[in-house]
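Listed in TrEMBL for this protein:
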- 46, 47, 48, 82, 211, 230, 234: 3-dehydroquinate binding site (BINDING)
- 141: active site, proton donor/acceptor (ACT_SITE)
- 168: active site, schiff-base intermediate with substrate (ACT_SITE)
Ligand SMILES: O=C1C[C@@](O)(C(=O)O)C[C@@H](O)[C@@H]1O
């Protein structure tokens, strides 16, 4: 199993890493948010750039990114533009999604980029990220349901084939059985098919258990909220870390 290291954070080893999303609408809010979330000592911070009011202005995005990076360094930074169809805040065109991600990986200000499996230009975006030494989390989100186990595994394997460093899937449970399906798929993927870390979660309150149990079933990281949750079922990062440590040390 490959471990990906960003400075002293080793993804795929030991206790699952805690990723905290930044949900500010402008630079001022984001910088304030960083001051507060630092208290929870996140392993990785995710900037949800789809929340930024000015996200359609690439120069504004880069300026904000630079401010975030300066305030946050050396904490590893994940850049995410979550598409509207997968639960994000803003509709943009496929060509702007590609342009945005390709320009951001060239800034030298991020460590990881989120690339959606079902976006149109996956190959090109992956190539740009690799050429610029940026790690790729490839992702898929189903806010409606939990696909069957085979389908979850197929999507994670596709991401691995595309060259993602870390495949990730988030699904919505309609019952506790759906949470078991996600955990079962995670364990099977991790033990039979994955040669790199994966991240999985079942959303909403029914799925919270999946955000705590990564070390048992094979999910290398988990998202905990800072000021605002970026998906249903996220619990505050400091509480999340405490629970992970209890599971880890016992
Ligand atoms: O992909 C994910 C996972 C997530 O959707 C969650 O369920 O915690 C939260 C998002 O911010 C992140 O990009």
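Numbers here mean position along the shown chain, with the first residue as 1.
Every residue, even glycine, has its Cβ placed from backbone N, Cα and C.
Structure coloured by features recorded in TrEMBL.
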{"residue": "46", "record": "3-dehydroquinate binding site", "Cβ neighbours (10 Å)": "23"}
{"residue": "47", "record": "3-dehydroquinate binding site", "Cβ neighbours (10 Å)": "28"}
{"residue": "48", "record": "3-dehydroquinate binding site", "Cβ neighbours (10 Å)": "22"}
{"residue": "82", "record": "3-dehydroquinate binding site", "Cβ neighbours (10 Å)": "22"}
{"residue": "141", "record": "active site, proton donor/acceptor", "Cβ neighbours (10 Å)": "22"}
{"residue": "168", "record": "active site, schiff-base intermediate with substrate", "Cβ neighbours (10 Å)": "25"}
{"residue": "211", "record": "3-dehydroquinate binding site", "Cβ neighbours (10 Å)": "24"}
{"residue": "230", "record": "3-dehydroquinate binding site", "Cβ neighbours (10 Å)": "22"}
{"residue": "234", "record": "3-dehydroquinate binding site", "Cβ neighbours (10 Å)": "23"}
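With a cut-off of under 6 Å between the Cβ and any atom of ligand 1, the binding-site residues 47, 211, 230 reduce to 230. Residue 230 (3-dehydroquinate binding site) sits 12 Å from the residue listed as 'active site, proton donor/acceptor', taking the CA atoms of both as reference points. Within 10 Å of residue 168 (active site, schiff-base intermediate with substrate), counting C-alpha to C-alpha distances, fall none of the binding-site residues 46, 48, 211. It is 15 Å from the Cα atom of residue 211 (3-dehydroquinate binding site) to that of residue 141 (active site, proton donor/acceptor). If you take the Cα of residue 234 (3-dehydroquinate binding site) and the Cα of residue 141 (active site, proton donor/acceptor), they are about 15 angstrom apart, rounded to a whole number. Across the residues the record lists as binding 3-dehydroquinate (46, 47, 48, 82, 211, 230, 234), the two Cα atoms farthest apart are 20 Å from each other.
In this structure, the C-alpha atom of residue 48 (3-dehydroquinate binding site) lies 15 angstrom from that of the residue listed as 'active site, proton donor/acceptor'. The binding-site residues recorded for this entry are 46, 47, 82, and the Cα of 82 lies nearest to that of residue 141 (active site, proton donor/acceptor).
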